[in-house]
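The region 'Disordered' annotation in TrEMBL covers 1-53. Sequence annotations record features per position, and here TrEMBL assigns compositional bias 'Polar residues' to 20-37. Residues or ranges marked as domain 'Nucleoside phosphorylase' in TrEMBL: 149-400. Annotation comment: TrEMBL describes ARG190, ARG234, ILE235, GLY236, THR237 as phosphate binding site. Sequence annotations record features per position, and here TrEMBL assigns substrate binding site to GLN313, ARG315.
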Amino acid sequence: MAWNYRPAVVEEEDRDDVSAQRNEQNMRGSSDSNGVGASTDAGGTVPTIGTLTDSVTDAASPRIQELREKYGKKARRVVTLEEDEVKYEEMCDEDYSELMDEQHRQLRHSDGTVKLRNPNIELMDQDILYHLALGSGSHDLHKMFGDVKYVCMGGTPKRMEMFAHFIMDEIGYKLPAGTQLQDISAYSYRYSMYKVGPVLSVSHGMGVPSVGILLHELIKLMYHAKVKDPCFIRIGTCGGIGIDGGTVVVTESAYDGLLRNSYELAILGKIEHRPALLDRRLAHHLVGLKSPDDPYEAITGKTMCTYDFYEGQGRLDGAFCNFTEADKMEYLQRLRDFGIVNIEMECTIFAALTHYAGIRAAIVCVTLLDRLKGDQVMAPKEVMMEWQKRPQTLVARFIKNDLARLGQLQTLAAAPSAIKSPRCFQFVQQESQAHE
């Protein structure tokens, strides 16, 4: 079943637009003249990208209706990249946040728990999260993870283990005597996961595919655990564009290598684009947590995601290079002129899938170098280790302040074992180990 961005409730005047779009799609095929394809659902309705119908229903509140009138009401089959960019960039923070809040309300149950945009899951006897070594039949996921509020993820297992210990000290989480933090997903041999009270600390590997697999299973985990209003935060490293190494960048908008504010994927042989949108209000809030005493700058900005560390990022030091340094510098300058402040390898899929799931999300990275000055990271190891603590510190402040606001910053104790079925648990371990 293919999901359609356009809501089920449609005004009469918009029904004609949808019918016209279907006819045009049947006549012209699945690829637009600008090269950006659009997938269709079983009924032939074409999802839109970059229009407000991605986020709000036509039967929305008067205020949301006003926003739709202001920024563009009619659905289009596919908008051009420039139109897509303008639709969101021209919105003030208040309007943009209202739009995000409205979508998030639609994609959650009334109690704040996560909805899944996949009806097949409810029909399954057991949902095995292969890459996390967890299962809905083998584990009491609600008992294990029902109190989670913050899902923090980063590239390497070691970094996220260190963050787990760091956040444990910051929020005053107490382990029972004689115990230590355990890697919940150790039997998957793929990702590492640590739970520190309301905080999950998870490694996501490197690049879009690895993050995508993890996000699918983490979002399902939130659903099975009945987690209320979770917040996902990626903590990582990146290369800066015109900014010094050690600068903390909180992503405001995510773009791919063609400067499209969307994530592209092929589903059943058809190209689909999903808007790569993040919570702009959360991004500004995180930057505002920087202390005047912190020895670094913290900024918000546009982030570009690539599928490759070398050629895709215009590096001259890979195994292959078919362009000159002048070509590289012209490209990087073009990125800077567009407003890109940093480059990494995960932001589009992270933004797109969290947005599609209606989950509040942010990306906080530290730059390891200014790409306008070189390709290789030359900072000493001890300096880089200190730099990598900077986004962790900012995120820890957010979590600590948020828990205090909720009246939940108190001594926390670890939960007991939540294995529902030892037999199913052993089966899940075997399946996770064997699933290649």
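Placement of Cβ uses the backbone N, Cα and C atoms for every residue, glycine included.
Positions of the features from TrEMBL, shown on the structure.
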{"residue": "ARG190", "record": "phosphate binding site", "contacts (Cβ under 8 Å, 6+ apart)": "HIS131, GLY205"}
{"residue": "ARG234", "record": "phosphate binding site", "contacts (Cβ under 8 Å, 6+ apart)": "CYS152, MET153, GLY154, HIS204, GLU346, CYS347, PHE350, ALA361, ALA362, ILE363, VAL364, CYS365"}
{"residue": "ILE235", "record": "phosphate binding site", "contacts (Cβ under 8 Å, 6+ apart)": "CYS152, MET153, GLY154, ARG159, PHE163, VAL364, CYS365, PRO391, GLN392, VAL395"}
{"residue": "GLY236", "record": "phosphate binding site", "contacts (Cβ under 8 Å, 6+ apart)": "GLY154, GLY155, GLU344, GLU346, ILE363, VAL364, CYS365, VAL366, PRO391"}
{"residue": "THR237", "record": "phosphate binding site", "contacts (Cβ under 8 Å, 6+ apart)": "GLY155, GLU344, CYS365, VAL366, THR367, LEU368, TRP387, GLN388"}
{"residue": "GLN313", "record": "substrate binding site", "contacts (Cβ under 8 Å, 6+ apart)": "GLY239, THR306, ILE343, ARG371"}
{"residue": "ARG315", "record": "substrate binding site", "contacts (Cβ under 8 Å, 6+ apart)": "PHE309, CYS321, LYS328, ASP375"}
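Confidence annotation: the domain 'Nucleoside phosphorylase' (149-400) carries a mean pLDDT of 96 in the model.
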